[in-house]
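Novice: This is the structure I want to talk about, given as structure tokens.
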Amino acid sequence: MYRDPEAASPGAPSRDVLLVSAIITVSLSVTVVLCGLCHWCQRKLGKRYKNSLETVGTPDSGRGRSEKKAIKLPAGGKAVNTAPVPGQTPHDESDRRTEPRSSVSDLVNSLTSEMLMLSPGSEEDEAHEGCSRENLGRIQFSVGYNFQESTLTVKIMKAQELPAKDFSGTSDPFVKIYLLPDKKHKLETKVKRKNLNPHWNETFLFEGFPYEKVVQRILYLQVLDYDRFSRNDPIGEVSIPLNKVDLTQMQTFWKDLKPCSDGSGSRGELLLSLCYNPSANSIIVNIIKARNLKAMDIGGTSDPYVKVWLMYKDKRVEKKKTVTMKRNLNPIFNESFAFDIPTEKLRETTIIITVMDKDKLSRNDVIGKIYLSWKSGPGEVKHWKDMIARPRQPVAQWHQLKA
């Protein structure tokens, strides 16, 4: 009798089972890998998309180097800079950084109502407009119109009491000048290195500009802290509708700087306490909680944690960090960190608090920072002085996160 050898083989069924099991295992492995890649791509694309809404992708124009600069408006309406500086070259592309654009574009829509006729300010007379949460300093400038030459003149004179943006306790300020709603063309002052009370005394001319068009514009000044290695930090802004200014002669103004409308104010706040023990030569930093943190992920949330750096004479000494709070824009940390700081080194010490968004598959994102020292911004300096004035007592204070 003839028998099929395959049917008679007792090992055949077991080989089929093994083959099917291997196929299923490989399929599941490929599926897991593909899901992981899709999640990573969605997270990266979400962050890039959000960042593209906040920053301009084109480099800044070269930094100004002359005492008088001009934008000439020919018949075609295209603005060109007609005042190159002899013997000087523009900054390299590597020194140019993008700025938040919503600070300019959002402002166009917010200044169409509640306009009052403006009168020149003086050193003593600048009124404090509204209740500002933080002193950002003030700026002095003048503006006027030459009817014979159809030229608007803007002179940036000086600023006072600017906040420190660098951990060294100072800033490198410069000013951008726009005539809104035109956001494409701008002029800039020089950068004043390490100066919280800079003097510019630079004059800017908008030439070939008919008066009937000038009065339809808004003069917008944005003060920024120049940063060679990252995005320039907004310090504050001033805006004046030119139809509310007597332009027949140069008018000089002192104006308080207001927070820039660039989204930096929506980064959230952090509550922390400082406790100074002079006998133990130590400071205890307690990271308590945060609120209204900026969402950094595509799902509208963040995975925040906090880094604490101890700096001495602008050099990093020691780092501590909290645990990561998953998908939480109002996290509660309640973590304390002790740092050894001799009393004689206290004046040269800075504590940098950085709130980060954790990302497993790419670089972690900075949500915002706080610089604590005796020479930081007004709110930070107050906290630092209160800590020293009340030794061995935890002194808690809310801080606005900054870019």
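Cβ from N, Cα, C; glycine included.
Checked Swiss-Prot, it gives:
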BINDING   Asp166, Asp172, Asp225, Asp227  Ca(2+) 1 binding site
BINDING   Asp166, Asp225, Asp227, Asp233  Ca(2+) 2 binding site
BINDING   Asp227, Ser230, Asp233  Ca(2+) 3 binding site
BINDING   Asp297, Asp357, Asp359  Ca(2+) 5 binding site
BINDING   Asp297, Asp303, Asp357, Asp359, Asp365  Ca(2+) 4 binding site
BINDING   Asp359, Ser362, Asp365  Ca(2+) 6 binding site
COMPBIAS  90-100  compositional bias 'Basic and acidic residues'
DOMAIN    266-399  domain 'C2 2'
MOD_RES   Ser52  phosphoserine
MOD_RES   Thr58  phosphothreonine
MOD_RES   Ser61  phosphoserine
MOD_RES   Ser119  phosphoserine
MOD_RES   Ser122  phosphoserine
REGION    53-106  region 'Disordered'
TOPO_DOM  1-16  topological domain 'Vesicular'
TOPO_DOM  38-403  topological domain 'Cytoplasmic'
TRANSMEM  17-37  transmembrane segment
Novice: Where does the mean pLDDT land for the topological domain 'Cytoplasmic' (38-403)?
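Specialist: Within the topological domain 'Cytoplasmic' (38-403), the model's average pLDDT equals 78.
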Novice: What subset of the binding-site residues Asp166, Asp172, Asp227, Asp357 lies within 10 angstroms of Asp365 (Ca(2+) 4 binding site) at the C-alpha level?
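Specialist: Within 10 Å of Asp365 (Ca(2+) 4 binding site): Asp357.
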Novice: Counting across all protein chains shown, how many other Cβ atoms sit within 10 Å of the Cβ of Asp227 (Ca(2+) 1 binding site)?
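Specialist: Its Cβ has 16 other Cβ atoms within 10 Å.
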Novice: Go through the binding-site residues Asp166, Asp225, Asp303, Ser362 and tell me which ones have a CA within 10 A of the CA of Asp297 (Ca(2+) 5 binding site).
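Specialist: So far as Cα distances go, the binding-site residues lying within 10 Å of Asp297 (Ca(2+) 5 binding site) are Asp303.
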Novice: Which of these binding-site residues is closest to Asp227 (Ca(2+) 1 binding site) if you go by CA atoms: Asp233, Asp303, Asp357?
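Specialist: Nearest candidate: Asp233.
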Novice: Please list, in sequence order, every residue of the chain apart from Asp166, Asp225, Asp227, Asp233 whose Cβ lies within 8 Å of the Cβ centroid of the Ca(2+) 2 site.
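Specialist: Neighbours found: Lys165, Ser171, Asp172, Leu224, Tyr226, Asn232.
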Novice: Using Ser362 (Ca(2+) 6 binding site) as the reference point, find which of the binding-site residues Asp166, Asp172, Asp225, Asp233, Asp303 has the shortest Cα-to-Cα distance to it.
Specialist: Asp303
